Amino acid sequence: MPESDKILSEPRRIMMESWCPNSVSDDVGSERVLNWFDEVQKAKEQKRQPSLWRATVKLMGFRPLLIGLWFIPYKLLRTINPLLLAFLLPYFLPCTTMSALTAWLLATGIVFCSASSSVLYHSFFYRMQQCSMQLRIAYTGIIYKKLLRLSSQSMNKTSTGQITNLLSNDANLIETALLFMNFLWMSPLGIVFVVITLWYFVRYIAFIPVGYTLALLCWQFVAGRLFVKIRSKILQTIDERLKVMSEIIRSMRIVKMYCWEASFEHKIKDVRKREIIRYSYRLILDCVQTLFIHTYVDMAFLLMYGTMWYLNMAFDTKYFAVAYCLLAYLKWSVAEVFSYAVRNLVEYLSARKRIETFLLLSESERDVRIRSLSSVQTVLFDNSYMLASDCKKQSESSSIYCDLKVAKWETDVPFTLKNIEINAQSGDIIAVIGPVGSGKKARVNMARALYQDADIYLLDDPLSAVDVKVGKHLFEECIKGYLKCKVCILVTHQIQYLKDATKIIVLNNGEAVAQGTYEELLKSSISFAKLLEDIHQHEINTPDGDEKNKLNLSIDDLDKRTENDLLLRTQSSRTSRDETQNNHQPTETKATGVVKWHVFLDYFRASASLILVFLLMFIVFTSQQAIAVFSNWWSNEEQLRHEHPNGTCGSKFKSQIHSMSNNEWELYRNKKFYIYSGTVAVLFIITLIRVISTEFLCINAARILHNRMFQRIIHCPIVFFDNNPI
């Protein structure tokens, strides 16, 4: 970060902390993490299962419910606003008797209700977003703290994909669930307000749209249970896909060496295909739910108008305006927000169960202290680590002696290490060679270890993932320099550093087969001497001065390698390094500001043809507007028929309506109702086509963009993965 940005960011941070003292993520996360572990401790004392829900309720208290009280005045204002509009509409009729002062007062009331409801709405969501964001930070902190405490046995029960899902999907679900939690009780309260308002105009007819709304609520609960079952299956596939992708990226050097890009690309496509199939089941429910939401107002109008048409009841524009506003409010409050709250609630229960299961995994024993090292035979760490040894401290200086009999990292596997004897003093470098890891993660751990002041450092192959120059710098400055007064146990397969080691231990299948100094092993160990001879022969054939092409060998199996196999691996390693050095990583660029139009166009092109997308948008928009205009026209004719029956205050069209006999008007009215019913049916079909098409376009775009993204990543040069490790 530039110095100017640092100077500007510090006052900005102080200002934000002074304005929002409860929004500091470190304080919020630490508070929640401590309370969760308090819940675990209390559960142990009370001999019950720890509950994440109990800890969450204890921390949040009644604050979300108190914030929800802000929304009650908002609902009242949203209900009063259509009433004021209904009383104002007669002022614009030709033969109105309303005074201008009354009209101005009603208009002022409408503006006041709209402005006040907007302020209450945004204040409510601001507070709820702040509260839900703090809860998400708390859950994320819990997961991270727990991850650092997991035992080796628990690490085998989880995966990178599962942890990624917990931190991204499940934590975000908890945030959105809390954000819309208050609508679970506020939406039914809004139904009561709407029924009271409609009762003033049409009496018992008000229960018809309410009954339709309650039927939708029952469907929301059924759909919510189905969403949970489908989502659990989707998450299993996502975990599998992320696990496979993570393993592929971590093993990219092997993939490049054997040209397995196409094979793994097809593998990911197959896993992604199974994931898309499970997503399609959820999309079916989404389509049904979205269809009822988008056609809610029109279907409710059709049921009300159909009942009033069947009973030959009169209705006017004033009632139409009130009913339209209230039904539009019910559509948002019940059909959309309440259904979203129900879905988030059931998904939260599933996510909370997944997070709780992860948090209840066994931990490594953090407070184990071996007070006496004179005769340690067996130590059991939380049923995960087994150690049998004879260790003791020889003197007051940093000198240790350890005779390790057997050791293993899991209880249900054979012993990993056997018969290893270590006698070291301050400044010793103990090199351990044999089957070792890749060293990519150990390189980061080495940097962290240097910040700790310890007597003994165990470094797990930190020099294998860097080139010769960087490795030599790390060895000279860090291991031989910074750690010169410490006992350093270096597990490595970098043979060029063995000459500087105080003692070398050669492992084979976890057992020490030889140990001693470099000169002692060179004289006594045949396999060790043979390997060094092959290395010396290779260095003779290598041009002088080419330090970057030094041998970087793995000695996973010292006794089974032949000279020809060794030379082949040497040439392959040198060629790979040459290619890596020649493939310079291009400078990365980033875009700032407004998202460019070509980004959206690329997304639409990935989904389907641009013409098809815009054609669907045009058809849906025009059909919805046509139905809205037609319903206005029909209700206006009803008003003209039942108001001013003598036709003294109207146009020629009004006179024609009033001149119709009752039979003619009945036929005309039936014709208009049938046309309106057909229009609503057409809208229902068009909306169904739009919903299915939209879901299909989105899932098709996601599939194509995901495959394209993975294809670009897997075909990147290996230097990209070196510069951007996972």
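In case you wondered, yes, glycine gets a Cβ from its N, Cα and C as well.
TrEMBL annotations: computationally assigned, not manually curated.
The domain 'ABC transmembrane type-1' feature in TrEMBL is assigned to 76-306.
Per TrEMBL, the feature domain 'ABC transporter' maps to 271-534.
The feature region 'Disordered' is assigned by TrEMBL to 569-588.
The transmembrane segment feature in TrEMBL is assigned to 91-121 (among others).
Residues or ranges marked as transmembrane segment by TrEMBL: 177-201 (among others).
Annotated transmembrane segment per TrEMBL: 207-228 (among others), in sequence order.
For 283-307 (among others), the entry in TrEMBL reads transmembrane segment. Tertiary proximity for the transmembrane segment (283-307) is limited to same-chain residues at least six positions away from its ends with a CB under 8 Å from its CB atoms, namely 202, 205, 208-209, 212-213, 216, 219-220, 223, 226-227, 230, 313, 315, 323-324, 327-328, 330-331, 335-336, 339, 627, 631, 673, 676-677, 680, 683-684, 687-688, 691-692, 695, 699.
Same-chain neighbours of the transmembrane segment (319-342): 75, 78-79, 81-83, 85-86, 89, 177, 180-181, 183-184, 186-187, 190-191, 194, 197-198, 201-202, 209, 213, 216-217, 220-221, 223-224, 289, 292-293, 296-297, 300-301, 304, 631-632, 635, counting only residues six or more beyond its ends whose CB sits under 8 Å from a CB of the stretch. The transmembrane segment annotation in TrEMBL covers 319-342 (among others).
Positions annotated as transmembrane segment by TrEMBL: 610-634 (among others).
Marked as transmembrane segment by TrEMBL: 673-702 (among others).
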Local confidence of the domain 'ABC transporter' (271-534) - pLDDT mean:
71
For the transmembrane segment (177-201), find every same-chain residue at least 6 residues outside the stretch whose CB is under 8 Å from a CB in it, and list them.
60, 64-65, 67-68, 71-72, 75-76, 78-79, 82-83, 86, 125, 128-129, 131-132, 135, 207, 209-210, 213-214, 318-319, 322-323, 326, 329-330, 333-334, 337-338, 340-342, 344-345, 347-348
Which residues of the same chain, at least 6 past either end of the transmembrane segment (207-228), have a Cβ under 8 Å from a Cβ in it?
191, 194-195, 198, 282, 285, 288-289, 292, 296, 299-300, 303-304, 307, 323, 327, 330, 334-335, 338-339, 342-343, 345-347, 349-350
